[in-house]
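A.B. asks: To start, I am sharing the structure in question, which I have written as structure tokens.
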Amino acid sequence: MLQDLFSPSVQHALDIAGIFVFAISGALLAVRKNFDVFGIAVLAEVTALGGGLFRDLVIGAVPPAAFTDLGYFLTPLLAALLVFFLHPVVERTQLAVNIFDAAGLGLFCVTGTTKAYDYGLGLTASATLGLATAVGGGVLRDIVANEVPSLVRWDRDLYAVPAIVGAAIVALCLRYDALNGFTTGLAIVTAFVLRLLAMRYHWRAPRAWNRRSSAAEDGA
Amino acid sequence: MLQDLFSPSVQHALDIAGIFVFAISGALLAVRKNFDVFGIAVLAEVTALGGGLFRDLVIGAVPPAAFTDLGYFLTPLLAALLVFFLHPVVERTQLAVNIFDAAGLGLFCVTGTTKAYDYGLGLTASATLGLATAVGGGVLRDIVANEVPSLVRWDRDLYAVPAIVGAAIVALCLRYDALNGFTTGLAIVTAFVLRLLAMRYHWRAPRAWNRRSSAAEDGA
Amino acid sequence: MLQDLFSPSVQHALDIAGIFVFAISGALLAVRKNFDVFGIAVLAEVTALGGGLFRDLVIGAVPPAAFTDLGYFLTPLLAALLVFFLHPVVERTQLAVNIFDAAGLGLFCVTGTTKAYDYGLGLTASATLGLATAVGGGVLRDIVANEVPSLVRWDRDLYAVPAIVGAAIVALCLRYDALNGFTTGLAIVTAFVLRLLAMRYHWRAPRAWNRRSSAAEDGA
């Protein structure tokens, strides 16, 4: 379906770019956790490919793209090498990394939704898998690094909402047969811009109402 | 096979009830861990659907029921909303939640075993997958919440044994061609009552023999 | 393919041996973490079968071998029982356990690569899955036990490299059509010996260059 919108080569280049920036975020966490070079590579691969791997297993697209496209596998290794040698430079460019990560988020929620729909899932399930594609790698990254996933922490800027909005736009377009190059681009850009705004203005999601003690404020 | 025992609509209603109570337990843990509203929804979904998702991936039933039945997906969101607004009330009814959770445990170990057998697995493998269906969601819940799974902790009341007994009864009935409405109900009720008794009398599983130091008593 | 090299029964016996030693390592960690008897069994199963389960899901070999071969399932339970009753003895023989674990590592990286290739994956993807088969169980073990995976920790002796070398030898032999009993055995033994040497001489992988503070030395 996306083939009508983007040529396969453009689509592939965007995928590689998203994989690269997600891998950078995984590799940087590995450095902060003091992992060795293999830990850096493992966390880069897990972060970059975990979301798509989960999606492909659920829709039955085996072997998953992560294992059939050599570029998908080698890109995170390149990111890991880069961070291994140059992580002080990469960290100094944290803003750039965050912007690329937002772009990856926008791209993956859209392509994940489209791929799931192409495999015959319903609209809600497709949008859910699009969301899972976009955020799954980060959750796996945090689980392997033995941390509470940043996705579910109240003290982090909104991450799920931009992806939900992007996936929902695609699902609505699929519903009304209006998915084309323009609407696809619109969904990607909307998710991307929402994530940038969430970071800029520190938008956060509410925690449960009526939490009893203020002590909970300090909890993790 | 279960269609002969319960009508599909009864079966589906029981599934939804099991999913709902498991989701409540996930959402409550998310509130205790101070997650935001998305964390509450994520943990509700993971707890309610994780066990069945694992079973479906293993037996090759893709896309898994969690992604083809809209009710399966929306029920945990409803539970998450309920806990989000009313968690002090829900926590005060912890006993009721525990009773429903025990019912979900009994139901899932039985339906998980039956479904795996219907997909051609052996009796031992089917019972194992029934057990995994019943306890898998809780293990994933604790992994995402970055806690030691309550399933494997020595200081928690028996949880695996009731599910093992329920799954084993079903496997024995399948072996001797005696699975019918009565024996299925018996398996569910046996697992359910065993779990209630384990909670009432704080039955615990033994730890390894000859642990060397008493210091280990305090460990987690 | 391996059928030409080892008879199926030899191959199966080697698999069972590898599963047994991996299960021992899982069960020992469970005892150290103070888990109850079910926790010991769960961690033994996860460690022994997790890597192969992941490989089988990725290549679409469902139901996975872990659920179709009763010996694969019962062996970890035997290991768990042994550790449950005799863990002080087993711990005293830690050296023997480590040697067997190294043998399991060598075996699994080779059989994992071969099986993935037999299912039509490319050489790089096959070698990657061979590596994942060998180290995946240990990573899952540490995740369930709520620890930073020992695979990615800088203060542990090399574990990934021997498996990478073993898998790479197999991939090269497949590339040049030179996989036979001798080269397969050579790959297993090379990985095995490399792991033994890494333990003997405490070979470690480097951490990222230019880490800024010495404080990071103490971090986990």
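Every residue gets a Cβ built from N, Cα and C, even glycine.
Annotations for this protein, taken from TrEMBL, read as follows:
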- A:13-87: domain 'Glycine transporter' (DOMAIN)
- A:99-173: domain 'Glycine transporter' (DOMAIN)
- A:12-31: transmembrane segment (TRANSMEM)
- A:38-58: transmembrane segment (TRANSMEM)
- A:70-90: transmembrane segment (TRANSMEM)
- A:158-178: transmembrane segment (TRANSMEM)
- A:184-203: transmembrane segment (TRANSMEM)
A.B. asks: List, by number or range, the same-chain residues at least 6 past the transmembrane segment (A:70-90) whose CB is under 8 A from its CB atoms?
C.D. replies: 12, 15-16, 19-20, 23-24, 26-28, 30-31, 37, 40-41, 44-45, 47-49, 52, 97
A.B. asks: I'm checking region-level scores; what's the whole-number mean pLDDT for the domain 'Glycine transporter' (A:13-87)?
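C.D. replies: Taking every residue of the domain 'Glycine transporter' (A:13-87) together, the mean pLDDT is 92.
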A.B. asks: Please list, for the domain 'Glycine transporter' (A:13-87), how many residues fall into helix, strand and coil according to DSSP.
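C.D. replies: Across the domain 'Glycine transporter' (A:13-87), the residues distribute as 65 helix, 2 strand, 8 coil.
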A.B. asks: Using DSSP, how many residues in the domain 'Glycine transporter' (A:99-173) fall into helix, strand and coil?
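C.D. replies: Counting residues per DSSP class in the domain 'Glycine transporter' (A:99-173), I get 59 helix, 1 strand, 15 coil.
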